[in-house]
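The structure appears right after this line, and notes come after that.
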Amino acid sequence: MASIFQAFPQLRTAAPRLTCRLFVCRPCLNAPLRTAAAPPRTSSTPVLRAVRWKSTQTSRSSISTASRSSQASILAHASAKGSGGSSSFPNTSSKSVAYWLLGSAASVFGIVVFGGLTRLTESGLSITEWRPVTGSLPPMSQADWDREFTKYQSSPEFIRLNSSMTLPEFKQIYWMEWTHRLWGRVIGVTFLVPTIYFIARRRVASSMALKLTGTCGMIGFQGFIGWWMVKSGLRDDLFAPGSHPRVSQYRLAAHLGAAFVVYCSMIHSGLSILKEHRLLADPAKAAAAIEGLKHPALRLFRGSVTGLVFLVFTTAMSGALVAGLDAGLIYNEFPWMGLGLTPPKKELFDPFYSHVPDHSDLWWRNMLENPSLVQLDHRILATTTFTAVVSLFAYTRFSAAVRGKLSRDANKGMMGLVHLVWMQAALGISTLLYMVPTWLAASHQAGALALLTGAVVLHSRISMPRRAIMRQIFKSHPLQTQAQPLRTRLDSAKKAQKFR
């Protein structure tokens with residue numbers, strides 16, 4: 001055989017092209033392969049046998065090369081879209097957007113904790129005007145400080161509580177509030193400018209562009225809510241005569257709730273981008289993970305985690321009502337409240353808090369304005385949250401279906417959530433027993449946001465990816481699953497040729 005190719009060197013070059021056209025049939029390769037026991041009737045000429053074997057090898061290498069090139073083209077197309085190479089919005093957002101979102105979320109976490117310190121030190125009413133642009137500069141001279149102090153002296157807080165306050169003491173609370181407001185402005189600028197850049201350069205998907213735009217709107221609205229809250233403590237007609245000058249607990253809860261929503265939107269969006277990139281990096285593994293998430297047991301678990309996120313958020317908002325009413329300064333014991341687990345019913349539903357003659361608002365007014373009932377509501381919600389997290393953790397451990405389908409990352413997220421809820425329960429009880437010290441109350445507020453973070457992270461790990469990402473995964477994955485049967489058929493054909 002070797003002598004034939006030496007005598008006719010052109011045959012070595014022309015044989016692959018001729019056999020691809022004359023002897024290879026693509027539909028036959030894709031059809032089910034015949035068994036080796038009954039091979040097709042072919043000629044047994046040595047030359048044709050060598051040519052047939054050479055064509056099989058060429059066909060096999062060409063098909064493998066085509067499969068790899070198709071996969072590479074899909075991944076390159078997705079990468080080009082993700083990097084902003086297309087004029088339209090890409091299918092996936094850039095990783096840099098995810099890192100920027102997580103950094104912005106860390107900044108929001110810090111300002112929430114600092115805002116709690118501002119409230120606990122009663123510094124929030126030290127600045128009596130809202131100047132979004134010119135207010136960024138602090139007083140630069142003694143005359144400026146005297147002017148700011150004079151404005152504060154006309155506020156209800158100074159008249160009723162701090163009439164003996166000196167200028168140095170006023171500067172301490174002023175710097176706290178000024179830093180809090182400046183921090184909020186910095187977050188707004190550092191989020192708005194990159195959002196415009198990423199959208200203009202097409203570094204984000206169309207859905208993510210809408211989310212970023214909505215988050216920018218929420219940040220701007222958050223500044224308005226902050227001033228709306230402060231304004232409630234600067235006017236005598238916004239709180240009952242003779243009461244302690246403080247901001248409205250409703251506006252405080254709205255301000256804190258808006259900050260929590262902004263924070264959750266940032267962290268969830270950043271984690272979703274990183275998850276999409278991780279799934280696209282290994283389509284075969286991603287397809288298997290998506291099939292596992294469709295299990296009925298995980299659907300129930302996923303719905304439970306979603307409900308848990310809203311439960312943690314609701315509990316945190318009830319804590320804002322407790323803070324706004326200073327309800328943590330009464331019944332400083334646990335689990336008792338006076339002589340029993342709850343105060344007397346007459347104290348919980350006091351007609352004093354009703355604003356209409358027929359007392360039709362008795363129930364909801366007491367639930368939102370009566371310090372005793374507000375603290376009891378927060379205790380009930382906190383206990384419910386603790387029980388829900390521990391029960392969900394037990395469900396993942398004792399349910400064989402969930403334990404077998406839950407991913408390793410989801411298991412870690414569930415374990416982290418259990419640790420966070422134990423820490424938050426300890427901080428809440430300690431804050432109550434020690435009568436709300438500043439550092440412990442601020443830690444309790446930070447723990448609430450940390451617990452919400454753990455719930456959002458767990459939800460991100462078990463949630464289904466976007467439909468566009470799923471289509472891209474299942475579009476590229478079959479290229480890997482179809483190549484193996486084709487190689488198997490070619491190997492079987494090669495073995496059959498040898499036996500003949």
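Keep in mind that glycine also has a Cβ here, set from the backbone N, Cα and C atoms.
Quick look at what TrEMBL annotates:
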- 97-117: transmembrane segment (TRANSMEM)
- 182-200: transmembrane segment (TRANSMEM)
- 212-230: transmembrane segment (TRANSMEM)
- 250-271: transmembrane segment (TRANSMEM)
- 308-331: transmembrane segment (TRANSMEM)
- 378-396: transmembrane segment (TRANSMEM)
- 417-436: transmembrane segment (TRANSMEM)
- 442-462: transmembrane segment (TRANSMEM)
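Fewer than three CB pairs closer than 8 A are found between the transmembrane segment (97-117) and the transmembrane segment (417-436), and contact between the two stretches is not assigned (pairs 6 or more residues apart). With respect to Cβ pairs under 8 Å, the transmembrane segment (442-462) is most closely packed against 417-436, considering the stretches 182-200, 250-271, 417-436. Within its own chain, the transmembrane segment (182-200) has Cβ neighbours under 8 Å at 93-94, 97, 100, 104, 107-108, 110-111, 114, 132, 136, 209, 212-213, 215-216, 219-220, 222-223, 226, counting only residues six or more beyond its boundaries.
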